[in-house]
């Protein structure tokens, strides 16, 4: 920035008209004294002072001591602020219109799944399986092929399933631990919810309680304290004890009587959840002679019961030819009879006053009126899903707690 120096006027000796001999441009003038004192000051400060004097048109008086320093600082700040403000308004380079500019942002789209439009959900059965029919006709030389995929969801906790209430009467005997462990291992594979109700007579044994705790499934250990006149009625009273428990607590689910000495397939427990009121199926068993297998249960046309399998003449007088492990029913029949239009004052229990072999039919007659209220399962009753073999060894001793205190004698000693 160029600095302007004022030259001395040649007319410094000329006196003013008002009689003063001092000129503002003379060497003795206050302006000259200020210029002489600020000769070595900053050019910007000098320029600011000059501009202020020019605009104000006021006469300069020498500042007091200490007053010049802060006055000069304020002037410098104002000057720099003015210069910066002017520089900010000055255009540098090309200015673009923001409104006319097109902004584009990168958008991460989710991957596109390869979904076929011809996939149709054929049937969904909660807790059992999902059947998805691809519906794609593949033309081969032999003809048209239609494919169906079955996906089992056993432990999908998001799917709502009916609760299975499995009732097992048991008693102390040599093979009790084997039977309970075998049945418990099967129930562990059944998708939850499953409630295993185990009923013992007189008292709950610690051996049975240890087995139930080690299974890792939900269970209820009950005791039947009824005095028995006939040991053959033991299972009847134990099942009735379980029915009282279900009715008292209003447990909702499908009730199934599973004796511990029977053999069960996993498919049986999966099909129980398809039952709405009362379901039945054929059971394979050994005849009393143990030399042949017989079939007892319904003959079905689809899911409709149209007849019965039976081979024993003494049991042909029964109304329903079903084994105790060959049927299941909805638990609400016990504690919500209005739903099924049944008398409210009648308790549904197994009878110990009937002849052996007729407990099943007399109990079923309290649940349904005829075959029209039954559901044959699986479709067509074409599969055997459990076996009643009657292979119990009678009068066989067993050690207390299923453990030996002393070693047994060797039959073939090593010499």
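Glycine too: its Cβ is placed from the backbone N, Cα and C atoms.
Note that the structure is predicted; figures quoted are calculated from it, not measured.
Under the heading region 'Disordered', TrEMBL lists 1-29.
Here TrEMBL flags 74-93 as transmembrane segment.
Per TrEMBL, the feature Mn(2+) binding site maps to 261.
If you look up TrEMBL, you'll see 296 marked as site 'Interaction with galactose moiety of substrate glycoprotein'. The Cβ of residue 296 (site 'Interaction with galactose moiety of substrate glycoprotein') lies under 8 Å from the Cβ of 282, 283, 285, 309, 310, 311, 321, 322, 323, 326, each on the same chain and at least six residues away in sequence.
If you look up TrEMBL, you'll see 360 marked as active site, proton donor/acceptor. Counting every protein chain shown, the Cβ of residue 360 (active site, proton donor/acceptor) has 23 other Cβ atoms within 10 Å.
Annotated pair residue 360 (active site, proton donor/acceptor) and residue 261 (Mn(2+) binding site), C-alpha to C-alpha distance, rounded: 18 Å.
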